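Peer 1: Please find one structure pasted underneath; my questions will follow.
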Amino acid sequence: MPELPEVETVRRTLQQLIVGKTIDHVTVKLPRIVQKPDDPHLFAAWLEGRTVRSVERRGKFLRLVMDGIVLVSHLRMEGRYGLYRQDEPIENHTHVIFHFTDGTELRYKDVRQFGTMHLFLPGEEWQSPPLNKLGLEPLDDSFTIEAFRTALGKRTTKIKPLLLNQEVIVGLGNIYVDEALHMAGIHPETPANEIAKNKRDLLHGSIVETLSSAVNAGGSSIKSYVNGQGEMGFFQHSLKAYGRTGEPCHSCGSPIEKSVVGGRGTHVCPKCQKPPRAVKAQRSLSKTNKRGNTVKNRLDGKNR
Ligand SMILES: [Zn+2]
């Protein structure tokens, strides 16, 4: 699943490739990608003759801003954009083609077919789904320490699922949440309201740093994309927690542990990210149960 840094890289690439181009006509080969309007012929008709003015991003949504219309596009699991010459063969799983007047084509390919496209009059996109309920934008100037504190508020939700909630903050997927929490030294199961003020501010900085460095890493692949590979891949980020189960923590050397938090695979350094009281208590209880001992026995054992 592309996360915010990947989508931002796609945005930058598209900004370089298609701004100034005018759509001659549009071919929709798989109508279900087009969510609004629900008639793909109308979708195509609305886009004819429009010139792309800029490519923006909100969370993991791309906004192709054109004269008089805005296309909101979500890549979901496998969506890819690529710019081709019109004489290049059309690859499998190409579902929407934007034919430009200069003989090039923007092709949307999606093996899983989960991607979506919505058309809006300019400004209308903020009033209705999918953009109307999105939370803070972590790479925007509006993402201040104050705004982050307010968003967390007095919530008692565990911090990891809270950060994954797009209505609180957008664009943070499983990978970058694990990375940001690891960098800030916060256990993912800590209730948001139990995180100390200085740690919360540290987390704000880790979110920005984690995402920006990933965006910068992704930026370097723009050239190969332009050269006609036609699709974006994932980038090799230097991940410090995610996917490193059993490998030593870069700060303290303890092996990174994997658990499940809110149904998602979660990577934690047991030393740098101390669990909250509730989790500690639960763990020692389940350890006791596994050994078949009573709590009393365990306490006795400690006293020996
Ligand atoms: Zn550590």
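Using the three backbone atoms N, Cα and C, a Cβ is placed for every residue, glycine included.
Bear in mind that TrEMBL entries carry predicted annotations, made automatically and left uncurated.
Values in this document were obtained by computation on a predicted structure and should not be read as measured data.
Positions annotated as domain 'Formamidopyrimidine-DNA glycosylase catalytic' by TrEMBL: 2-115. Here TrEMBL flags Glu3, Lys60, Arg264 as active site, proton donor. Positions annotated as DNA binding site by TrEMBL: His93, Arg112, Arg155. For 240-274, the entry in TrEMBL reads domain 'FPG-type'.
So where do these features actually land, and what's packed around them?
Peer 2: Taking Cβ-Cβ distances under 8 Å and a sequence gap of 6 or more within the same chain, the neighbours of Glu3 (active site, proton donor) are Lys60, Gly171, Leu172, Gly173, Ile175, Tyr176, Ala214.
DSSP assigns Lys60 (active site, proton donor) to coil, not to a helix or a strand.
Reduced to three states, the DSSP call for Arg155 (DNA binding site) is coil. Around the Cβ of Arg155 (DNA binding site), the number of neighbouring Cβ atoms within 10 Å comes to 14.
When Cβ-Cβ distances below 8 Å are used as the criterion, the domain 'FPG-type' (240-274) is approached by residues 158, 160-161, 164, 174-175, 178-179, 181-183, 185-189 of the same chain, each at least six residues removed from its ends.
Under the three-state DSSP scheme, Arg264 (active site, proton donor) falls in the strand class.
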Peer 1: Which of these recorded positions has the least crowded Cβ, counting other Cβ atoms within 10 Å: Lys60, His93, Arg112, Arg264?
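Peer 2: Taking Lys60, His93, Arg112, Arg264 as the recorded positions, the minimal 10 Å Cβ count falls on Arg112.
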Peer 1: Could you measure between Arg112 (DNA binding site) and Arg264 (active site, proton donor) for me? Cα positions, answer in whole angstrom.
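Peer 2: Distance between the two Cα atoms comes out at 21 Å.
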Peer 1: How far is it from His93 (DNA binding site) to Arg264 (active site, proton donor), counting Cα to Cα, in Å?
Peer 2: 29
Peer 1: Where the record says His93, Arg112, Arg155 bind DNA, what is the longest distance in Å from one Cα to another among those residues?
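Peer 2: That value is 43 Å for the farthest Cα pair.
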Peer 1: Roughly how many Å lie between the Cα atoms of Arg264 (active site, proton donor) and Arg155 (DNA binding site), rounded to a whole value?
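Peer 2: It is 20 Å, counting Cα to Cα.
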Peer 1: Taking all residues of the domain 'Formamidopyrimidine-DNA glycosylase catalytic' (2-115) together, what is their mean pLDDT?
Peer 2: 94
